[in-house]
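**Q** Dumping the structure here so I can ask a few things about it.
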Amino acid sequence: MASGDESKRRLTILGSTGSIGTNTLDVVERLGGRNRFEIAALTGNGNIPLLADQARRMGAELAVTADEHRYGELKDALGGSGIEVAAGRSGLIEAAERDAGWLMAAIVGNAGLGPTLAAARRGADIALANKECLVSAGSLFIEAVAKGGGRLLPVDSEHNAIFQVLENDQRHAVERIILTASGGPFRTKSLEEMRHVTADIARAHPNWSMGLKISIDSASMFNKALEMIEARHLFRLRPDQIEVIVHPQSVIHSMVGYSDGSVLAQLGCPDMRTAIGYALTYPKRCDLPIERLDFAKLARLDFEAPDEARFPALRLARRAMQAGGIQGAVLNGAKETALEAFIKGRIGFLAMAEIVEKVMDRLSDLPAAVTMDDVFAADEKARLTAAGLIQ
């Protein structure tokens with residue numbers, strides 16, 4: 001475990017201006033702000049005014065923009081504050097390596113891999129919201145966390161739920177885990193209807209408030225596909241132990257089934273601050289003004305099997321897990337390229353999964369990753385191959 005004064009935790013937030021990052025700071029302030037947390041570093045990308053405001057408000061020691069061209073703008077925005085400023089990939093690594101016992105890894109995409117890995121190697125306790133660390137880097141990242149000696153605390157609501165109900169002394173008795181999925185905005189849509197949806201329609205999630213890309217990933221169920229791969233690495237599971245069930249109310253966040261037939265579930269209103277608060281204050285629980293479940297008003301919980309004909313991302317995740325090696329990075333890289341093309345209106349909604357499958361077919365013989373350079377190389381090949389299919 002990372003060292004530090006438990007009465008005031010030193011925290012770095014990678015990706016503080018995004019959806020997870022802003023909610024993390026909301027939780028930090030609700031838990032006492034600067035009286036309970038020391039903010040070692042905050043990082044963002046293009047939203048310089050918000051990053052500067054966050055850094056000043058929280059008394060951060062260091063503020064970093066991932067965009068090297070915005071360094072001067074950030075420095076000017078923080079003039080006279082005494083807050084250090086850095087930019088680019090080296091700045092992100094500097095933030096991750098700064099002495100802080102706790103780190104929120106909320107940078108979206110491969111840009112978060114390097115700095116999160118750096119934090120793992122130095123032994124930080126990591127609240128993990130970046131999917132690529134596990135989907136693309138998998139065993140390499142888990143190995144780095146183990147060698148560093150820190151803890152890995154999942155922030156995804158589904159994995160956080162499993163983490164909460166998984167009995168460490170009973171891991172040998174785990175039979176399966178069941179990831180719940182809302183089904184997204186197209187749960188009841190036909191294939192023909194799904195052919196004509198736009199990014200604006202796909203971003204409208206029925207239960208959760210999220211950013212554009214993750215909302216569309218939820219609509220296509222690629223988000224759930226990535227969570228399946230993450231769960232395999234986080235909880236050391238076989239692919240056949242991971243199930244997905246559609247649960248439209250998003251009240252049960254995930255379940256663990258044991259060999260005696262028992263199933264333990266974590267329930268709560270759909271609010272990402274619950275998982276964030278749990279990860280930031282672990283092993284203690286914190287007081288948060290989250291809406292409480294009223295079971296009398298809830299009345300019912302619904303479940304249905306996912307339709308993999310309409311949502312083939314789940315099938316592709318199983319294929320990637322069974323193949324092992326570098327296929328998680330291939331799936332993710334191809335998905336990211338297809339997602340960008342869909343957002344720009346260059347391909348249809350259903351074409352995203354079709355492109356990912358074709359890329360996996362073409363790159364099925366890539367060797368397993370030995371280093372992070374192998375991961376980045378596979379990701380680049382997948383993106384280039386997908387781009388070629390889109391043209």
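Glycine too: its Cβ is placed from the backbone N, Cα and C atoms.
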**Q** With D156, E158 listed by Swiss-Prot as Mn(2+)-binding, which of these, E73, E84, E227, is given for the same site?
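**A** Candidate listed by Swiss-Prot for the same site: E227.
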**Q** Of G184, G211, G257, which one shares the NADPH site with T17, G18, S19, I20, N47, N130, E132 in Swiss-Prot?
**A** G211
**Q** What whole-number value in Å do you get for the largest C-alpha pair distance within T17, G18, S19, I20, N47, N130, E132, G211, the residues recorded as binding NADPH?
**A** 22
**Q** Once near-sequence residues are set aside, which residues in the chain of E132 (NADPH binding site), 6 or more away, have Cβ atoms under 8 Å from its Cβ?
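**A** Once residues fewer than 6 apart are set aside, E132 (NADPH binding site) is near G109, N110, G112, L113, N332.
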**Q** In Å, rounded, how far does the Cα of N130 (NADPH binding site) sit from the Cα of N223 (1-deoxy-D-xylulose 5-phosphate binding site)?
**A** 12
**Q** Between G18 (NADPH binding site) and D156 (Mn(2+) binding site), what is the CA-CA distance rounded to a whole number of Å?
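**A** Between the alpha carbons of G18 (NADPH binding site) and D156 (Mn(2+) binding site) there are 15 Å.
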